[in-house]
Amino acid sequence: MAIIKRGARNKTAQEPAKRSAKIKKATYDSGKKKEVGVSDLTLLSTISDEAINENLKKRFTNGTIYTYIGHVLISVNPFRDLGIYTDAVLESYKGKNRLEVPPHVFAIAESMYYNLKAYNENQCVIISGESGAGKTEAAKRIMQYIASASESNSESIGKIKDMVLATNPLLESFGCAKTLRNNNSSRHGKYLEIRFNNQFEPCAGNITNYLLEKQRVVSQIKEERNFHIFYQFTKGASENYRQTFGVQKPEQYIYTSAAGCTSVDTIDDVKDYEDTLKAMQVIGLSQDEQDQIFRMLSSILWVGNISFVENEEGNAQVRDTSVTDFVAYLLQIDSQVLMKALVERTMETSHGMRRGSVYHVPLNIVQATAVRDALAKAIYNNMFDWIVERVNISLQAYPGADKSIGILDIYGFEIFEHNSFEQICINYVNEKLQQIFIQLTLKSEQETYEREQIQWTPIKFFDNKIVCDLIESRRPPGIFAAMNDSVATAHADSDAADQAFSQRLNLFSTNPHFALRSNKFVIKHYAGDVTYDVNGITDKNKDQLQRDLVELIATSSNAFLRTIFPDNVDKDSKRRPPTAGDKIIKSANELVETLSKAQPSYIRTIKPNQTKSPNDYDDQQVLHQVKYLGLKENVRIRRAGFAYRQVFDKFVERFYLLSPSCSYAGDYTWQGETLEAVKLILKEASIPEKEYQVGVSQVFIKTPETLFALEHMRDKYWYNMAARIQRAWRRFLQRRIDSATRIQRAIREKKGGNKYEKLRDEGSKILAARKERRTMSLLGFRAFMGDYLLCNERKSRGAYIKKQAGISDKVVFSIKGEQLQSKFGRSSVRVKKVLILTHSHLYIIGQSMVQNSVQYTTEYKIDVNKIAGVSMTNLQDDWVAINLSNSTQPDPLLHTFFKTELVTQLKKLNGRIQVKIGTVIEYQKKPGKMHKVKSQVSEATPKYNDNYKSGTILVRRGHPANSPQKKKPKKGKGHSKHHSTSTSAPRSSVQSSQPSAPVSRKTKKPAPPPPGSKKLSSSVAQTASRPQPVANSARGAAQPQATPQPAQVTQPQQKKVAPPPPPPPPMQSSEPKYEAAYDFPGSGSPSELPLKKGEVVYITREEPSGWSLAKTLDGSREGWVPTNYVVKHQGGSVPPPPPAPAAVQATQAANVTSTPVSSSQSETATTATPASVAAAQPNFSDGLASALAARANKMRVESDGEDNGNDDDDDDDW
């Protein structure tokens, strides 16, 4: 199946939205033109002819001439250049559907070209409207767009496109003229087919010509002109032509000056003549062919200057024989033979099957003038037909045409003061086009809905078939048939034929669309009533050249003249030659048949005034056109109907890619009925049922937006498939790289050990068995990773802090901690800080709330080379003082869980640093003033933390100072085989226990938790998501955390085991109870706990920022609440908490790092309630992260409790 790629969309100047953004930021487009009225008449609130007219008037006044009725384009002639056909405008419509851009003729052309490629169906555009409404201009713009859109590097293709465009100036020159209503009125009809090859490049073309108005060659209405070419030639002819063909100015010729208009302000005849010559060259007309064309034009002009006078017998004779002599020279015939053919008529009698006598009948002046004009009309008409055929020969030079786009540019509906045979032919063709529009857009559409059993409310409309039958019908005879009968009855006498035709018109008196007047008749066309003159109408219908003129031309030595005239008519043939009426009926029906084989587009043109003024808008005239074009009915049917319909097979063939059930890898895989495939496609493409209906054999899409959505999804299918293949390949390559990395790491560790573990061992050496050790420090999983806040990553909290602090160097160590700060009139307090160490400086960064957001600023910037030493106690506390040398700043006293790693990193950067370990910490509280902080063993302190009180650090007894580091445990059996590995940050050999880079990784979906665990785990996630009041954390590594709750552990699917028995009910919490003083609905954040006034909760932690961590009495919900919204509960009956939920396996206990646990650990795990988990001694094999989380939360609860009751200021020396 061919892949159809729609043209690229134009990119805007703004940056693409982030992937996480749902809606792009709105921006003001100052260049966009303000919308006036509605761009689609189906959006009108009131559907009436007056409302349509008013909307068109608003847009015309604003310089907006295009409006839609669904897919039908309404065009109002602006009578001025609006600058809307430039190359830039044309480019903006490429690859766009009509809803993405304003209404324009380019949008219709783009739709046709896209449908040709997408559906491989012939396309055509029917441009209709009255004379002067802008049909020819619309046809030219469609050709301009298609030539530009069908880009090709082929020289032959480019030549065809140039030829197609060149047909415009050539056929305009020979087929258009200035009329009272239009300065460039088409006086013929043409249907141009642009044919395309399999690559949808224009490779051929064909033009069909319809009924040239040859009467204009010899006579025009006052202030009108002959065909443009006569004025171009007489004004712009070269000196060679003037000498050879005797070319004069247009004022010297009767055929160009009789109407009194030889120049038009808006027409440059000389320039247009040059364009015509260029077009002839592009199409391929040789110089000899061009010379012969201009010879014929000269002969026509000079034939018009032949005049007659009466001789003595009252017959006509040529006034000036020099004129006939020059005409004979141009036509290359004998002068005497020419004069005789003009003033005499040859008659031949017959007797049965035998020929009779031949008579030469002299003509009077009127008859001789008619013969002269007939000769001029015949030469021009036959030459025009030859030019069209010659163009077709050039356009057919390149074979391979498969599909086509047809452009119909035909004369518009005409109503003059005197209307004759030409007008009835023109108006008849317009009736046929109106009938096509009715058949395809109104009648056929409603019949299709009824046949397909689609829900539909019928709409009444006028079917003009009765008018078409009145003109073209043979049985019963129509007007053309009656005309032919009259000619056959009295073929020798035109007046008698007119009289016979007038009598036959009585046959139509009962037709409601016909009325008879004296010597005239009225046909009620769809565009209005037109009165036609009977006099002379039958003679124009004969369309036969007098026998004498045919024989005259046959004597010419000019090969071109003989070529453009057909062979002599067989005199013995008894068959009646076809009349002009027969030809126009045949041409019209062939046109209808051609159009019915293509998918039509419609352009309805409207003429706003009769004065050709760019500022006038004649409401009555436009309202009349709105009514006879049937725009109101079109709007009503469009609003009630469906924008697209297609038979099941073609719809499935087009869109089966959108359904995974019907396709795989681009192949059609559905084995069932096509009807079921249609329903699956629409369902799996998420098309609402109200947007389509499924009939008996077709599917109907209601709105064009839905169709465009389907087309867009289909266009994106191939790109999505390519992206999937690319993702799979990249995933494979990354897995291979990660595997190689793991192998390399394992080899390096085998040879030289892990660098992070080496750094840890070096830290143990620095302590030199002088400081008691914590349990967590001795774990085998412990490794000195350094950048725990991930400051070196691109998108992380640490990177944000680093940017705000103005740090540009690479970070070697980062952690959240606390600093002891003295407050005037208060005890020294522990203030949260961020510690960042680079190769040259140690940064102590503070944080503050500014407009509800955390801001980070550098408070201390310490040069590493100016650090003289560090001071620590010999107990297991986490305090360390940074002793500065010759500094005007006080020495900072810091608290951090990773104090040994900080000291090790400082010692590595500056080997001169002295590490002081004793019973006290000595530091400069003020510059030049030493202060000592004592340490004391207290078993009443929190198990995983220490307390600072009145210059003394209270801490439990730790492991002996000479305790050895435990060996790193082996990986568990349940470790994921294909876990993701990030190479962007350093990792230890056991990645599951250490903080890692913030790289999004997809892991296997964990096993579903037992009942009751979901609520508990969600509360932890909610609490951890709020940035302001959450305790210090480094992605869950060795930092204070909220009270741990059972949570899901991201681990491989393991074998199900029988659940343990439920635990006993939880003990009554000893935490203080508070009561909500006000309603707190919350802001919608999952980290907040909404409260109702009077609701009692536990407060587990208070923050200086004004937030408190609360949880409900039953422990099912936990979150942050404003501290000033709750007050101490004064007692009273509080309902007991409900029974504890079902037991949760220990492997699903709180684990903020989602550490995988080995299968052996999982099998020996025990159950625990949230309270018991917090208090339980962590098992070494449970991993560092779980133990750190439990330690941090327990420490925070106990530390806060003691600090709240401490009001003494023993440490204040201010």
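Glycine is treated like the rest: Cβ placed from N, Cα and C.
Feature annotation from Swiss-Prot assigns compositional bias 'Basic residues' to 965-980.
What Swiss-Prot lists as compositional bias 'Pro residues' is 1058-1067.
Annotation source Swiss-Prot lists compositional bias 'Acidic residues' at 1200-1214.
Annotation source Swiss-Prot lists domain 'Myosin motor' at 36-715, citing sequence analysis. Restricting the average to the domain 'Myosin motor' (36-715) gives a pLDDT of 88.
Look at Swiss-Prot and you will find 719-739 tagged as domain 'IQ 1'.
Annotation comment: Swiss-Prot describes 740-765 as domain 'IQ 2'.
The domain 'TH1' annotation in Swiss-Prot covers 771-961 and rests on sequence analysis.
Marked as domain 'SH3' by Swiss-Prot: 1069-1131.
Annotated phosphoserine per Swiss-Prot: Ser357, in sequence order.
According to Swiss-Prot, the region 'Disordered' annotation covers 1-21 (among others).
According to Swiss-Prot, the region 'Disordered' annotation covers 926-1090 (among others).
For 1129-1177 (among others), the entry in Swiss-Prot reads region 'Disordered'.
Taken from Swiss-Prot, the feature region 'Disordered' applies to 1193-1214 (among others).
Note on the domain 'IQ 1' (719-739): DSSP counts are 21 helix, 0 strand, 0 coil. In the domain 'IQ 2' (740-765), helix, strand and coil residues by DSSP number 24 helix, 0 strand, 2 coil.
Within 10 Å of the C-beta of Ser357 (phosphoserine) we count 9 further C-beta atoms, all protein chains included. DSSP assigns Ser357 (phosphoserine) to a strand.
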